[in-house]
Amino acid sequence: MLTRFKVIFLFRSFSVLLLSVIPSLFLFEILPPLILPVWSFIIFFLCFKAEEKKIKLSSAIFLIFFTGIIFWFIIFFICKIISLEIFDILYLRLGIIIPFLFLQTLFVSTTTVLFLKKEKYRSFEPVLFFILFSSLFWTQENYSLSVFDRYIYAVIFSIVFLLSELTRLFLSFKFGKRQIKFFLFLLPALVFILFFIVKKYNENSVANHGGLLQPTLFQFDFSDYLTLQGEIKMSGDLVLVAHFNGEFSHNMLRRLYLSGWDKSKGFYEKTAPDEKPQITVLPKTKKNLPHKKFLLREAAEQEYFFVNLSPSSFIAMDYPTSVIPYTIWDSKKFNGGYKVISEAVYSFAGDIYGEVPPLGNDEEGLSPNDLKFYTQIDEETFSLVNPKAKELTQDIPGYLDKILAIKNYFTDGDFRYSLKPGKAPDGNQLKYFLNETKKGYCTYYAFSFALMLRSLGIPSRVAVGFFVQPESEILNYYPVRANMAHAWTEVFFSEIGWLSFDATTQQLASGENLNFSFNPGGDEFNFLLSEILENRNEIQYVEAEEKETEQTVSDYIKKFLKKHISFLWITIILIVLFLFLLYKIFPYAVLKFSKNNRRRVLTAGMIFNKKKKKNANFKAIEKMNALVKKAKFAPLCSEQDVNDAVLILKNSKSE
C-alpha cells in the first residue's frame, strides 16, 4: 500500500533522476545518458539497506560513499589488467566518468540518507533541489542553452521537474485551507514565470550566438539558422505572403545579416565601426532608412503580409530605403503587414565590376575600418579554412573568379545537403563539417563560405531570411513557407555594395528525405491571396513620420517594468516563498531565542496542538494545557515551565 511517505519518496526519486540526466546532456560526448540515473537507483537501494540496518547518519553516508568508490575502482582495475579491446575502451571511458560518479555518489547518498532520517530536512529539501536545478541551467557562458535545441523543450523539462518538486512539497506538510489556496496560486504563477525565465534566457542565447530574433512557441523563428546544430526540422507551414515585381524574384528576402565573428559564438549580429545599425524591427510609423548609394541598383517595391511570423519582424531585399507599416483589415489569418522600398540588383556586370577587390575607402562604400572588420577571423579558424581556400584560388587572379571558385567547391564538390549533420565528438561543428562528414544544411555552407573568403581578405558576412520560388507567383504574389528559410553569404563589391552568393549544394546526402512543399499555389495560399485582393482598399498607411518624444515619468516606469518584468516576477515569488518559510520557522525561532518565558510556553503549546495526533499521550496533552493556562493567567512563568513545555513537544515528535 502506498503511504504518503512512499509517494513523496517516488516523486523525490523522479526529481533526482531528472537532475542526474542534465550533466549527461551537457557532456553528451563523454557521459552516456543513462549512467548517472542508473547509478542513482543503485545508491537508492544501498540507502534503504542502511536504513533497514538502523545505521547512524554519518556512518551510513560514509559507508555508501566508500562502497561506491571501491566498486568503481575494482571495475577500473579489472579493465586495466585485461588486455582486450573492449576493456581498453572501458578503461579510457571510466577514467573520464569516475569523477562524475564520485560526485553523484556523494550527492545522492547524502541527500537520500538525510531524507530517510531527518524529517526537517525532508520538508525543505525541494528548496535545495530548486537551487541545484537552477545552477545547472546557468552554468554556461553567454546564455548558451545548448542542452535543448529549442527553448520549449527546456520549458517542458523544467515544468516536469517543477511539478514533481511542488507535489512532494505539498505532500510534506499537513495543509489547511489557507495553505492549499496559497499553493493553488503559487503553482500557475511559477509555471508562468518559468516561461519568462527560459524565454529570456534563450533570447539572450540567440543574441549572443548569432542574432536578434526572439523564438516563439507558435510562430516561425530563425533560431535554427543562426548556429551550427546537430539536427534541425523544417515544415511547409505558410509564414508570409510577399508581393513584388517578378523581375526581382531571384533576390533573397533578408531578415538580418550577421557581421561579427567569434570562435565560440560563430557569426553573430554586430555593427561594423563605420556602419549604421541594421533595422531588425519594423518601425511603428513611416520611416526613411539610412543607406549608401551604389551603382547598378534599382528601386524594388515590396509588400509583406505576415501569417505565422511576429508582426514586429522586418524583412526586405538588399538595401531598404523606406518603409511604411500597414494597419490591415480585421483578419483572423494575417497579423500584420507593411510596404518597403529597397535598392536591389537586377543584373550584375561581373566582367566590369568583378575584377578588382575593394581597397577600403569611402568612395567604394566600405571604409578601411569596415574592411578590416569584415575580414576578421581568429587564428584557429584561419588555419582550418585558409589552406583549402588558397588551394582553390592559387591560379585565379580575378576577384569574382576567386569567389566563384570557392562557391563551386561547395555546390559542385563532395558536399551534400542534410538536415541531420550530426554532433561533432569534440564539439567543433565547423571542423566536423569541413573535414569529416561534408554534409549539412544552409547555415554550414554560409558560415564555411564566408570564413574561407575572409581568410583570403575578401569582406563577407552571413545573412538569413527566405528565398522564393519564381514559379509559385500569382499576380506577383509569392507564398513564403517555413522550409524556404535560408542562410547565405554576402560579399562586398566596390561601388556596388553587398551581393548575395549561395554556396548551398543541391545534392542530397544519402538517406535524406526532404519533404518540401513548394506548391505553386495550394488552397491556403489561394484563400489568403483572395483575402488580400478583396480587402486591399481597407489597408491604412501609417504615414506619420516617426519622431522622438520626451519621455514622461509614467513612460519611464512602463518601460522599466516591461524590460524587467521577468526579474520582478522572480523577486515577488522569492519574497512570497521567503515569507512562507519565515511563517513556518518563526515559532521555532521564538522557542530558541526569545527571553519571554510566557511567549515561549504559549508558542510550544501552539506547535504541540498543531502537531498532536488523535492517539497522542493524554497525560502529555493535559500537562501542556496546564502549562499554557499558567502562562496565560499565572503571575509568574518560570524557566522550568519553558523546559517542561519544550520537553513535552520533543517527546510528542518522537512518538
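Think of each number as a place in line: the chain as shown, counted from 1.
Cβ from N, Cα, C; glycine included.
Helix, strand and coil counts under DSSP for the domain 'Transglutaminase-like' (434-505) come to 24 helix, 29 strand, 19 coil. Annotation comment: TrEMBL describes 434-505 as domain 'Transglutaminase-like'.
Below 8 angstroms of C-beta separation, residues 31-37, 39-40, 44, 100, 104, 108, 111-112, 115, 122, 125-126, 129, 132-133, 136, 147, 157, 160-161, 164-165, 167-168, 171-172 of the same chain, each at least six residues beyond the ends of the transmembrane segment (7-24), sit close to that stretch. Annotation comment: TrEMBL describes 7-24 (among others) as transmembrane segment.
If you look at the transmembrane segment (30-48), the same-chain residues 6 or more away from its ends with a CB under 8 A from one of its CBs are 13, 16-17, 20-21, 23-24, 60, 64, 67-68, 93, 96-97, 100-101, 104-105, 108-109, 112-113, 116. Per TrEMBL, the feature transmembrane segment maps to 30-48 (among others).
The transmembrane segment annotation in TrEMBL covers 60-84 (among others).
Taken from TrEMBL, the feature transmembrane segment covers 90-116 (among others).
According to TrEMBL, the feature transmembrane segment maps to 123-139 (among others).
Taken from TrEMBL, the feature transmembrane segment applies to 151-170 (among others).
The annotation transmembrane segment is assigned in TrEMBL to 182-198 (among others).
Taken from TrEMBL, the feature transmembrane segment applies to 567-591 (among others).
The transmembrane segment (90-116) is not in contact with the transmembrane segment (151-170), judged by fewer than 3 CB-CB distances under 8 Å for residue pairs 6 or more apart in sequence.
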